[in-house]
Amino acid sequence: MRNICVIGSCSMDLVVTSDKRPKAGETVLGTSFQTVPGGKGANQAVAAARLGAQVFMVGKVGDDHYGTAILNNLKANGVRTDYMEPVTHTESGTAHIVLAEGDNSIVVVKGANDDITPAYALNALEQIEKVDMVLIQQEIPEETVDEVCKYCHSHDIPIILNPAPARPLKQETIDHATYLTPNEHEASILFPELTISEALALYPAKLFITEGKQGVRYSAGSKEVLIPSFPVEPVDTTGAGDTFNAAFAVALAEGKDIEAALRFANRAASLSVCSFGAQGGMPTRNEVEELLS
């Protein structure tokens with residue numbers, strides 16, 4: 001069993017389902033409303049745990065009922081919460097999600113996630129006895145992402161930086177990350193002067209650009225490779241990217257080569273969109289391996 005440390009956001013998702021996505025100034029009727037645990041960090045932690053890794057979640061929640069529910073959900077999914085801390089007088093992070101026409105739109109309120117400082121994250125990393133892979137995203141302070149990538153680089157700990165939500169990154173942070181996994185929109189923010197192919201060629205076997213139902217694209221050095229996704233009828237795409245990143249982390253930590261790891265991650269992500277909720281459809285190890293066989 002590999003040890004994976006996820007440093008990132010934990011939130012409660014407030015999910016509205018509608019037949020139509022509202023335009024600016026428009027009011028539409030929804031068909032359902034649910035609250036489900038989410039946050040990119042928590043989603044990736046749960047997905048990695050279901051795929052068989054021992055997962056340590058490093059993050060913060062508010063001192064509210066959402067925070068309690070988030071912690072209970074992590075524990076119920078086998079995620080270690082030794083390095084999770086409630087923040088007094090602060091609300092838990094929330095994500096406000098509209099599901100319509102098989103896709104989603106999301107507004108994130110950081111809440112306690114904004115209190116994850118570099119010192120807090122690095123202290124947790126130093127205490128975990130052995131880390132095979134670190135996963136980090138951008139729903140936490142920018143300086144924390146920068147310092148964690150720098151620490152991992154200097155200590156030879158592989159780290160996947162999932163640069164979502166999109167924002168520009170310092171060049172040294174890009175250099176310090178072992179792997180970068182933006183989607184097409186995020187890649188355009190990271191590399192505004194480059195085409196997709198130019199960016200991939202600049203970072204072979206480091207930059208992996210996810211393209212939704214098309215799959216994931218990367219440079220193998222001498223050629224550009226597209227690993228196709230597995231075709232499914234999506235119910236809820238909210239957790240697909242998080243499942244992809246978690247599965248990619250697990251596969252790499254287990255020693256799979258890049259192409260095999262990407263195929264594993266694509267299959268896991270495809271399965272994840274077949275049920276409601278960011279975490280609801282996240283598959284087990286057996287489910288992914290059955291699809292691969």
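Each Cβ is built from the backbone N, Cα and C atoms, and glycine gets one as well.
The ATP site recorded in Swiss-Prot comprises THR210, GLU211, GLY212, LYS213, GLN214, GLY215, GLY241, ASP242, ASN266 together with one of ASN183, ASN286, namely ASN183. For the substrate site, Swiss-Prot gives SER11, MET12, ASP13, GLY39, LYS40, GLY41, ALA42, ASN43, ASP242; the one candidate out of GLU139, GLU143, GLU147 that the record lists there too is GLU139. ASN183 (ATP binding site) has LYS40 as its nearest neighbour among the binding-site residues SER11, ASP13, LYS40, ASP236, SER272, going by CA to CA distance. Under 8 Å, Cβ to Cβ, and six or more positions away along its own chain, SER272 (K(+) binding site) finds ALA47, GLY239, ALA240, THR243, GLY281, MET282, PRO283.
Neighbour density at the Cβ, taken as the number of other Cβ atoms within 10 Å, is lowest among the binding-site residues LYS40, LYS213 for LYS213.
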